[in-house]
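Per TrEMBL, these features apply:
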DOMAIN    A:80-310  domain 'ABC transmembrane type-1'
TRANSMEM  A:29-49  transmembrane segment
TRANSMEM  A:79-105  transmembrane segment
TRANSMEM  A:117-137  transmembrane segment
TRANSMEM  A:149-174  transmembrane segment
TRANSMEM  A:180-209  transmembrane segment
TRANSMEM  A:230-252  transmembrane segment
TRANSMEM  A:288-309  transmembrane segment
Amino acid sequence: MAVLDAGAITQATAGNREARTAWGLTAPALLLMVLILLVPVVVAGVLSFTNYSLGNASFDWVGAENYERLFTRSTYEKMFIATFTYVVTVVPISVGLGLGAALLLHSLGRIGDIYKTIYFLPVMATLLAMAIAWEFMLHPTIGMVNRTLAMACGTWLEVVPFVANGCAGGFPLWLGDRDYAIWVVCFIGIWQGFGFNMVLYLAGLTAVHRELYHAAEMDGAKSAWERFRLVTWPALGPTTVFVVTISCIRAFQVFDTVEAFWPQGGGPNKSAYVMMFAIFEKGVQQNLIGMGSAITMLFLAFVMSLTLIQRWLVERKVHYG
Amino acid sequence: MADLQITSVTKRFGETPVLNGVTLDIADSEFVSLVGPSGCGKSTLLRVIAGLETPDSGAVSIGGANVTTTRAADRNLSMVFQSYALYPHLTVAENIAVPLRMRQLTHLQRMPLIGGLLPGARGHRQSIAAAVNAATEMLEIKSLLDRKPGQLSGGQRQRVALARALVRDPAAFLLDEPLSNLDAKLRVQTRAEIAELHRRLNATFIYVTHDQVEAMTMSDRIAVMMGGEILQCATPEVIYEDPDDIRVAEFIGSPKINILPIERVGHQLQIFGRPLEWRLPPGSPQIMQLGLRPEMVHLTKRTPRLRGRVAHVENLGAEVFAHVMVDDGAMRVTLRASPAEQSMLVLGAEVGLGFNTRAAMIFDADGKRLRKIETMVGTAVEVA
């Protein structure tokens with residue numbers, strides 16, 4: 001018995017030692033995560049219930065006042081409308097275009113590489129610099145866009161009401177028009193983002209087993225659409241979940257274009273007042289840290305729920321392997 | 001079920017010729033194996049028959065109709081792939097149902113939710129379910145219906161792939177090395193099952209394999225392919241006992257056939273300088289090759305035709321294979337002996353070898369069979 005006990009004790013101490021080593025090895029990563037991720041989030045969470053401003057010695061607790069403003073003031077209503085318009089437009093279109101471009105390029109031979117580079121260029125370019133280029137192109141009078149549109153005047157293209165109106169009363173101001181501003185931002189977002197999705201889809205497509213297409217053909221899948229439904233789309237399931245999640249998070253983060261076009265206010269009549277810009281304006285420009293923190297917490301909640309939905313989808317619906 | 005004709009089909013991939021004018025007739029409900037070493041074009045030929053590759057020239061017809069330009073989906077053939085090619089996101093039951101769903105249901109009827117409400121869809125769905133049921137029962141995979149391919153073992157996947165092929169009633173079944181991913185034991189078992197399936201369905205089977213044992217045990221006829229041509233297409237017995245070409249003789253049979261050089265000196269044949277009693281017709285070539293199956297060579301003490309030293313002995317229990325170095329160690333002859341004779345087969349021992357002249361095959365220097373000479377010297381075998 002004594003021997004057995006001694007054995008049990010050595011085993012127990014060995015187990016303890018192993019556990020200690022494990023904690024010791026995890027500690028640096030854990031510490032860093034707490035310091036640079038969790039602590040700032042908690043601090044922001046706490047500050048969102050105050051009226052703190054940077055440089056002030058103290059602050060007052062204001063309770064849920066910041067959040068109340070967030071859901072009652074018309075400025076923030078515009079913020080929500082602009083943000084969701086952007087997300088709901090940019091995500092489906094940039095994912096769809098990315099998939100379409102990837103499928104087309106995948107069926108192409110050597111020339112595909114050239115297109116790959118062309119479509120990927122906007123992803124690599126600095127968005128701030130690109131925004132300035134777009135600003136020139138969209139200039140109401142000297143911009144390339146409106147000049148091109150003006151060439152349609154006097155031709156049969158005038159049957160299109162948009163062209164007819166433009167020729168009669170001038171083409172849109174684009175960046176200065178509250179009906180167009182957010183759509184211009186959306187367009188640039190799609191132009192800039194779909195190349196990235198395309199590359200992810202191209203990677204996904206290389207993993208599709210070629211023999212499955214032959215099996216589908218033998219099984220009677222005649223049209224390209226049937227083969228896509230039977231083989232390609234299910235095989236791209238994991239890629240799609242990832243692409244959609246990444247696109248959503250990137251869409252919520254849109255900031256550069258808005259800041260470059262309208263540094264002073266988020267578009268005409270705040271029509272392009274997206275969330276990230278609101279955080280920047282309140283928290284940095286106006287030094288209303290409390291308000292900025294409240295918007296940040298909301299932003300965090302959106303991104304968090306997106307990630308949770310992704311996890312749920314991955315476990316439930318998508319087939320891996 | 002239908003017969004198939006392949007007429008002088010050629011195919012090249014870029015500069016590499018893969019099929020050089022292959023002609024093959026397959027009768028209704030026949031089991032034909034395409035066998036050959038890797039790279040001989042057997043899989044390409046199967047894919048040409050399936051319609052997955054277009055031949056550069058030549059024609060393929062099924063049941064008398066020329067289908068050379070018909071796409072694979074319209075040829076009414078079933079195929080089992082080497083990798084099984086099961087749809088990973090579908091359950092076993094759904095996988096097996098795919099060929100029927102694709103052919104019997106319209107686009108709308110295949111849609112989830114609304115599809116089931118459309119007129120006619122119900123009846124189709126029930127008949128599909130019944131067919132899937134019958135196929136799974138035949139292959140004894142009923143318990144796997146709700147699983148995904150990722151949760152199955154190799155043997156189970158192979159059965160699902162077979163079930164997907166035979167859930168329809170196609171003109172012919174094409175099988176592309178379906179057993180090559182299974183372990184040895186399962187391969188033997190599945191081999192018998194596929195042969196039995198063929199007998200039960202009485203369907204046309206075209207079976208591609210590099211394994212001569214599979215070809216020999218399952219087929220009605222074997223087409224031995226090499227370098228993009230069919231060297232010989234005949235029953236397993238003929239292929240083994242009466243090959244047309246030395247490459248066929250060498251490919252079929254394990255251990256490999258012994259090939260020994262023989263030389264004509266005047267009217268006499270000599271093997272390693274020793275005369276053989278055969279008399280040759282005039283005009284027969286100078287250099288020839290003698291093919292001897294290991295079971296045709298035996299140990300003998302009286303007037304041996306060959307002498308040599310035992311180099312290696314393989315005891316398989318029921319039989320013993322011995323490698324004997326002849327011609328001063330320049331050639332190696334394999335012979336089959338009975339376990340009783342093993343005492344004579346000591347490594348390094350000198351033994352005398354004899355062979356049955358009636359079973360010897362003679363080939364010319366290029367490997368073509370010289371049947372005329374065999375009949376005249378009296379070695380030709382009578383094949384049933």
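Placement of Cβ uses the backbone N, Cα and C atoms for every residue, glycine included.
Within the same chain, residues 112, 115-116, 119, 182-183, 185-186, 189-190, 193-202, 204-205, 228, 232, 236, 240, 243-244, 247-248, 251-252, 254, 266-267, 270-275, 278, 295 sit at least 6 positions outside the transmembrane segment (A:79-105) and bring their C-beta atoms closer than 8 Å to a C-beta of that stretch. The stretches the transmembrane segment (A:288-309) and the transmembrane segment (A:29-49) are in mutual contact, each linked to the other by at least three Cβ pairs under 8 Å (pairs 6 or more apart in sequence).
The stretch in A:29-49, A:149-174, A:230-252 that contributes the largest number of Cβ pairs under 8 Å to the transmembrane segment (A:180-209) is A:230-252.
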